[in-house]
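Structure, as structure tokens:
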Amino acid sequence: MMKIAVVGSINVDMTVTAERIPKKGETLRGDSLHYIPGGKGANQAVAMAKLGAEVEMFGLVGDDAMGVKMIDNLKAQGVKCDHIGTVKGESTGTAVITVGESDNTIIVVAGANGKVDKNYIDGVKDALLAQDMVVLQHEIPLETVAYIVNLMSEHGVPVVLNPAPAANVPAEIVEKVTYLTPNEHEAVLIFGEGASTEELLRKYPEKLIITQGSRGVSTCLADGTILTVPARKVEVVDTTGAGDTLNGAFAVRRAAGDDMEKALIYANAAASLSIGKFGAQGGMPTAEEVEEVLNK
Ligand code: RIB
């Protein structure tokens, strides 16, 4: 089986559900409060493990009770955690999330995720280079992301970079990653407003994948065709983690040898299933569940 690594964030999500998301300066009554596993890195690792991949998570937690719980959760989901470190005197990454009216807002406090630096990467280098694919996001320091991309590209290890939360990606890094998966908003930050989505996709065939929320996901195939896989119509419970599910599922299917179209159809179906349940990781489907939807 192909080995996939995630180097990224491990968060506890402090998720409040309310009738709607509050406006600036407004106080609302919430319906519920949950402390649940999250973090774009950990979410993508769990999405892949649930789909049956061999996954290892690399990153750091704080020396608090939540750090232990988040690692226990990853292990329980079948993610290897041998190289996750604990930072003394630091708290585990935390996301404050509001879920209401089929949408959400998220504020992330990096905590220990902010300490994932070159030293940490040097310490796990051999384990990383033994992977068949490495999946990254923007919830660890961006210079660390660039350092990993350079290292992997020197050694020919394919990299998926999900540039979320939005931040610029230097042109050199865009060139070196195998796949770049921004949403439309993140794409504008990286490439500017000058080019249309289609123009951008054509510039990076089978590399750039732009997610468009309820409209689906698009890429440009090697023959120049623009492929858009429309989102499936589902009842939305919680969209948190849908992008992570899409990224994880895409990485798993590409690593397994699917072509772009097949991998994106699969990833799109997986993401649609994830939003039917509460929590970033709560609705992530198994391979059987995705197959069932695809066969319908
Ligand atoms: O992508 C969803 C994730 O973003 C949440 O789990 C939260 O931790 C934030 O990092």
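Glycine is treated like the rest: Cβ placed from N, Cα and C.
Look at TrEMBL and you will find Asp244 tagged as active site, proton acceptor. Following the DSSP three-state reduction, the secondary structure of Asp244 (active site, proton acceptor) is helix.
What TrEMBL records for Asn11, Val12, Asp13, Gly39, Lys40, Gly41, Ala42, Asn43, Glu139, Asp244 is substrate binding site. The Cβ neighbour count for Ala42 (substrate binding site), using a 10 Å radius and every protein chain shown, is 34.
DSSP gives Asn183 (ATP binding site) a strand state. The ATP binding site annotation in TrEMBL covers Asn183, Thr211, Gln212, Gly213, Ser214, Arg215, Gly216, Gly243, Asp244, Asn268.
Sequence annotations record features per position, and here TrEMBL assigns K(+) binding site to Asp238, Thr240, Ser274, Lys277, Gly279. In the three-state DSSP scheme, Asp238 (K(+) binding site) is classed as coil. On its own chain, Asp238 (K(+) binding site) has Val99, Asn104, Ile275, Lys277, Phe278, Gly279, Ala280, Gly282, Gly283 as residues at least 6 apart in sequence with a Cβ closer than 8 Å to its own Cβ.
For 2-286, the entry in TrEMBL reads domain 'Carbohydrate kinase PfkB'.
Shown in sequence order, Gly8, Ser9, Ile10, Pro37, Gly38, Gly93, Ala95, Ala280 are the same-chain residues outside Asn11, Val12, Asp13, Gly39, Lys40, Gly41, Ala42, Asn43, Glu139, Asp244 whose Cβ sits within 8 Å of the Cβ centre of the substrate site. On the 0 to 100 pLDDT scale, the domain 'Carbohydrate kinase PfkB' (2-286) averages 97 in the predicted structure. The substrate site in the record is lined by Asn11, Val12, Asp13, Gly39, Lys40, Gly41, Ala42, Asn43, Glu139, Asp244, and its two most distant CA atoms lie 15 Å apart. With a cut-off of under 6 Å between the Cβ and any atom of ligand 1, the recorded positions Asn11, Asp13, Lys40, Thr240, Asp244, Ser274 reduce to Asn11, Asp13, Lys40, Thr240, Asp244. Applying an 8 A CB threshold to same-chain residues 6+ apart, the list for Glu139 (substrate binding site) reads Gly8, Ser9, Asn11, Gly39, Lys40, Gly41, Gly93, Val108, Ala110, Asn113, Ala164, Pro165.
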